[in-house]
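Taking it in order: structure first as structure tokens, then the write-up.
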Amino acid sequence: MNFPQNVKYTNEHEWIRLEGDVAYVGITDYAQEQLGDIVFVDIPTEGETLEAEEVFGTIEVVKTISDLFLPVAGEVVEQNPALEENPELVNKDPYGEGWLIKMKPANAADLDNLLDAEGYKAVVNA
């Protein structure tokens, strides 16, 4: 299982990586493995400003639909257009081409309250 050091994690198995004033958000390798084959990603919140831990979309797998929670407060500025045709990118490359949204955090310092790789490993191994 992959735990990149350059991202922050949530207890709900999302990750966030800040690049300038924009952050990429996705689900973790652990989450995609637990979910199984992803067949559809729905992000109806593009252009909206949400609070931390609010639902920003859903991921559909063969057996269920799971909510996606925003790691920090901010504006959802873009969804990954590649996922419309290729939702399996989330399974193949969850920290790269399988990112879900780009967002503008309301306060970048909020990322400091999230888990680092070691903290997240402890969550999934608990």
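Numbering starts at 1 and runs along the chain as it is shown here.
Cβ coordinates come from backbone N, Cα and C, glycine included.
What Swiss-Prot annotates here:
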- 22-104: domain 'Lipoyl-binding' (DOMAIN)
- K63: N6-lipoyllysine (MOD_RES)
Neighbouring C-beta atoms (10 Å sphere around the C-beta of K63 (N6-lipoyllysine)): 8
Across the domain 'Lipoyl-binding' (22-104), average pLDDT on the 0 to 100 scale: 96
